[in-house]
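First the structure, in the form of structure tokens, and then the observations on it.
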Amino acid sequence: MYSIVRNRICRFFYGLSGETTRNISSINNNNINTSNNNNNSIKIGRKSKKPSNVFHGRISDYNSELQGIVTAEDVQERNKDGSAIMTKPTTVLNSLLGEYVEFRVFSRYGDHFNEARAYQILEKSEDRVDHPRCQHYGLCTGCPLMHMKHSHQIQHKYQQLAKLYRDSGIIINDDSNLLDSNVIKDENGDTNGQFGYRRRARFSVRYDHQSKRVNVGYNSPLKPSFQVNECPILVESVQTLPLKLSDLFTSFEDKQIRDKLSMVELTVADNTTSIIIRHLKSIEQIDIEKIIEFGKSEKNLSIYLQPSNLESIQQLYPQNEKVKLYYLSHGDDQRKIEIGPADFIQVNKQVNKLMIDQAIEFLDLNKNDFVYDLFCGSGNFTFPIAKYCQQVVAIDYASNSLAKPNLGDNVVSLNYNLYEYSIDYDAKCNKILLDPPRSGAEKVCNEMPDNFERIVYISCDPSGSLIRDLKILKSKVVLKAIDITSGDCTEKCEDINTSKSAGNNKNNNQTMSIPQSGILLEHCKFGIFIEAMVNNCKDYSGLKDGCKKFVNSLESLQKEYPNEKLGSVISFNHNVWRSLAGNDSAPELKPFRQIGTAPATQRDMFIHIQSLRFDINFSLALAAIKAFGTSIKVAEEIHGFRWVDERDLSGFIDGTENPTGEKRPLFGLLPQTDKDAMGSYVLVQRYEHDLEKWGKISVEDQQQMIGRTKKDSVEIDPSKRNTTSHVSRVDLEENGVSLKIIRQSLPYGDASGVHGLFFIAYSAKLHSIEKQLESMFGVTDGKIDDIITGLSKPVTGSYYFAPSLTKLKSIFNNEQN
């Protein structure tokens with residue numbers, strides 16, 4: 001199997017949530033100057049009054065994302081407060097192999113590792129870039145390797161990939177665990193291709209109340225928002241576009257709209273540049289005219305407005321002609337491939353061409369070949385491949401999947417979901433190209449016959465789904481080679497593998513568990529919460545049948561509305577789950593008992609539905625009631641909604657401590673090695689708010705009770721906030737381990753009646769949930785969360801366990817657990 005690896009250009013925003021630093025003054029070649037914000041960035045020991053999170057150490061290795069690693073043995077000084085040297089490995093941002101640095105720990109992740117940032121480079125590597133080209137480097141999270149010379153990036157990306165394959169037992173070139181150095185393809189050289197390449201980006205938009213300007217930029221771990229003046233990795237024509245948009249938005253006559261702009265999405269197609277302006281409030285006509293005039297002043301710009309979901313996107317400018325974005329397929333016989341303004345395209349045009357050429361070379365095509373292009377998207381690989389073979393069957397299920405007209409005589413397009421449906425391969429098919437999203441192609445690989453001549457696999461997640469899928473394929477094929485191309489300063493690699501048939505070997509790999517779809521979802525707008533009692537606790541056949549029908553309805557609606565983030569979770573209390581799965585499953589699960597003033601109203605079953613649309617949620621809820629029929633009795637059904645700017649009815653932004661992105665599974669799901677892999681413990685509580693009482697409290701006092709500012713949701717310094725504030729009571733660590741949970745809470749209720757917050761927590765450990773409850777309700781130290789005394793009272797409380805979707809299906813299909 002051959003493989004091409006390139007920078008993970010698709011993953012542009014590198015998350016650094018959890019870092020305590022809020023502001024930054026300057027970054028130079030050796031040090032980060034934080035003289036103006038040391039109170040926020042250094043933790044002070046209570047007794048010694050000296051920094052307790054600052055260490056000196058030498059970088060001894062890199063992780064898979066080329067962030068430096070310091071182990072306990074590498075720390076060459078004791079902690080500055082005299083405490084014991086750290087015991088866990090620490091990943092250090094802004095560091096290079098061999099450097100001796102001063103670093104500050106800002107996040108701790110269980111027993112696994114810490115995260116830190118190097119602020120003083122005491123001994124500098126010769127591979128460090130003295131003056132990173134971007135003026136925002138270190139403040140923006142987009143290019144975390146810009147401090148590293150390009151040749152050093154390529155060398156160590158290659159080494160990390162080789163180590164990854166070797167450690168995973170993946171053998172390349174038949175007889176070697178090591179990758180041959182001549183396989184690396186650095187077509188762009190040491191500097192060319194690192195800048196001016198990105199043709200797609202998303203800008204966050206946020207109003208700065210101090211400067212009175214609307215900032216348009218990227219995410220930052222150091223500030224709530226900042227203005228990008230120039231982004232050198234964007235294609236040259238749009239590098240200053242963020243600043244121009246900032247001037248436009250700041251000039252709006254309707255001052256209220258400035259707080260209601262959330263995002264701008266940019267696509268540079270081959271025929272035009274498009275921007276989508278996401279707005280949460282209707283834009284006044286006078287400001288619409290300003291946007292149109294802005295479009296006229298820019299060269300070849302199309303402007304779209306998006307007031308809600310993807311279906312709401314409408315072209316604003318040009319006004320008298322419908323713009324169709326397209327890019328030209330690679331090769332001599334170029335085709336116009338149409339895309340929408342929100343559709344995915346490969347962000348680096350040059351690297352994409354190199355990748356297509358390498359895939360064609362690896363496929364070793366001739367006019368007798370019959371190729372399946374799986375996860376084909378808009379046809380990026382399809383048309384170039386079709387030029388060299390007899391026939392291509394292109395399969396995908398997405399909003400921009402290959403359109404059927406004008407495909408050519410030897411291209412067939414099939415539109416269906418490869419994660420749900422099996423492929424009935426044509427007997428003439430002899431070669432396969434796979435280009436799946438980050439989640440990989442586990443189902444396809446498990447079901448793939450072992451008689452194909454060649455399989456080329458393009459992956460944007462070498463350390464995750466690629467390794468998983470190669471372990472499946474290696475029993476069916478011989479892995480042949482790997483290749484790498486590169487051109488940016490991001491930390492990820494993308495991999496293309498190719499294989500030859502290994503005969504009729506059967507795959508004995510155990511299928512990995514898949515979590516239920518509603519646990520890790522982010523930013524859904526509506527939710528429905530159903531708690532129920534099981535009518536017959538001796539015969540669960542009706543319950544199992546209801547689960548099966550409900551999951552079928554869910555998957556049908558997900559297929560019908562693929563862009564609406566529809567997800568759900570079915571979970572059970574201790575008695576029901578033990579009856580279904582056995583006494584050794586979910587060992588922490590138990591009945592909810594009253595904690596302080598938090599009452600126990602333990603129910604048997606909880607159904608959680610969420611998406612971007614209420615009507616879709618309601619359709620699935622109707623299907624749930626019909627599916628379970630008389631096997632359950634609904635105890636409570638609550639409809640939740642996302643309030644203004646993702647705030648609670650109190651006016652404060654909710655869920656700011658939530659883990660985001662790739663960190664969510666770490667806290668929310670049991671690991672794949674656990675018997676209950678990808679399952680999650682669940683807490684459900686309904687709170688009723690007394691908004692009249694809350695409204696009589698001054699904003700300053702409200703902020704002290706919450707522990708954050710109301711407008712900007714900036715956390716108040718621990719030394720200046722109440723010890724009973726909500727943030728103080730729930731931001732917990734235990735023996736240096738963060739007790740974070742996944743919150744999926746939403747406001748609910750009637751304006752004239754009962755309203756409040758429906759609180760849902762998902763966690764890999766029930767212990768983490770309990771500790772937060774004990775802290776909130778005064779069990780730990782007698783101090784009660786200010787929220788409980790000033791705003792809200794809990795009226796329900798239940799614990800449940802949500803099994804993985806894999807295990808849930810095995811139970812209702814009466815399979816062995």
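Sequential numbering from 1, following the chain as shown.
Keep in mind that glycine also has a Cβ here, set from the backbone N, Cα and C atoms.
According to TrEMBL, the S-adenosyl-L-methionine binding site annotation covers GLN346, PHE375, ASP396, ASP435. The active site annotation in TrEMBL covers CYS460. Under the heading active site, nucleophile, TrEMBL lists CYS460. As annotated by TrEMBL, domain 'Dyp-type peroxidase N-terminal' applies to 516-642. Feature annotation from TrEMBL assigns domain 'Dyp-type peroxidase C-terminal' to 645-806.
Structure with TrEMBL features highlighted.
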| residue | record | Cβ within 10 Å |
| --- | --- | --- |
| GLN346 | S-adenosyl-L-methionine binding site | 21 |
| PHE375 | S-adenosyl-L-methionine binding site | 22 |
| ASP396 | S-adenosyl-L-methionine binding site | 23 |
| ASP435 | S-adenosyl-L-methionine binding site | 24 |
| CYS460 | active site | 22 |
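Note on the domain 'Dyp-type peroxidase N-terminal' (516-642): DSSP counts are 46 helix, 34 strand, 47 coil. The record assigns GLN346, PHE375, ASP396, ASP435 to the S-adenosyl-L-methionine site; their largest pairwise CA distance measures 16 Å. Taking the centre of the Cβ atoms of GLN346, PHE375, ASP396, ASP435 as the S-adenosyl-L-methionine site, the nearby residues of that chain (Cβ within 8 Å, site residues left out) are CYS376, GLY377, ASN380, PHE381, PRO436, PRO437, ILE458. Following the DSSP three-state reduction, the secondary structure of GLN346 (S-adenosyl-L-methionine binding site) is coil. When secondary structure is read from DSSP and collapsed to three states, PHE375 (S-adenosyl-L-methionine binding site) falls in the coil class. Annotated pair ASP396 (S-adenosyl-L-methionine binding site) and the residue listed as 'active site', C-alpha to C-alpha distance, rounded: 17 Å.
You'll find the Cα of CYS460 (active site) roughly 9 Å from the Cα of ASP435 (S-adenosyl-L-methionine binding site). Secondary structure at ASP435 (S-adenosyl-L-methionine binding site), as computed by DSSP, is coil.
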